[in-house]
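What TrEMBL annotates here:
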TRANSMEM  12-36  transmembrane segment
TRANSMEM  48-72  transmembrane segment
TRANSMEM  78-98  transmembrane segment
TRANSMEM  119-139  transmembrane segment
TRANSMEM  151-171  transmembrane segment
TRANSMEM  192-216  transmembrane segment
TRANSMEM  251-273  transmembrane segment
Amino acid sequence: MSTQKYITHDNIVILSYGTGLIMIAILICFLLSAIVSKLLNLPPQRTALFINGFVNSNTLFVGLPLNIALFGNSSLPYFLAYFIANTIATWGIGVKIINNSSLSKSVSNNEGDSKSNRFLKILTPPMWGFMLGLIFFLFNLSLPDFLTTSFGYLSNLVTPLSLLFLGLVLGNTKLSKLKLESVDLFAQLGKFVISPLIMFLIIFISQKLGFFYLNTTFKETLIIQSATPMLTLLPMLAEQAKLDVSFSTRILTESILIFPVIVVLLMTCFEVIPF
């Protein structure tokens, strides 16, 4: 519904350009995170998790309701641009790095299956919805009114359900088990300082070069999404690959606790500094 409602012939090109900028920023962050992990001399059980925590974001359960709350439904096309890039980066690159670091022979021996599974996981329900909406958009198709109304009701449930999910995650967090290490600081700096900074620099350079003009909401959406918490499924991926589950759980929990403060700081910066 959001694709049909908010993506038009006027903005499809700029959205594609924005997605390209996001991918460039994400690839740079992958490179920087790999360099930092080498400098920190992290063990193999933590390197892949550190890289994924540094780069990939929880766009669906945290980023989506946050974006709607901050910028309204009109920002959904810009959110979708980041969601697509982040999903490709997570399942196309991030999970590949985790599998390559896996200590589990069963994961390593099913390389063909893992490739097919990663491809299928890229095609998440929101991705399917976006693709179908894009097809309807390209061929000027429309749904019957009763379906449009019904799907509209369903879409209104996304934000409250996402907030319930986030509340459950925080409710299950035991602060007594959080034993901070120096590597945690670097992981959080990467997630909440370097990633948004790289996104900002990519946007700034592209604007100075005069390639395309991104409106303020688009630019702010990209920076906010780059600063959302780490992937909720990071501990699950760590457990499947026989990596350091406690480390992944700890840095994920820290990112969830830190991100509200970061959002306030970023929104304050948007108010103070012309962007």
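The first residue you see is number 1, and the count goes up from there.
Glycine is treated like the rest: Cβ placed from N, Cα and C.
Touching of the transmembrane segment (78-98) and the transmembrane segment (192-216) is ruled out by the presence of fewer than three CB pairs under 8 A, sequence neighbours closer than 6 excluded. Same-chain residues lying 6+ beyond the ends of the transmembrane segment (251-273) with a Cβ under 8 Å from its Cβ atoms: 49-50, 53, 62, 66, 70, 166, 169-170, 173, 178, 180, 184, 187-188, 191-192, 196, 220, 223-224, 227-232, 234-235.
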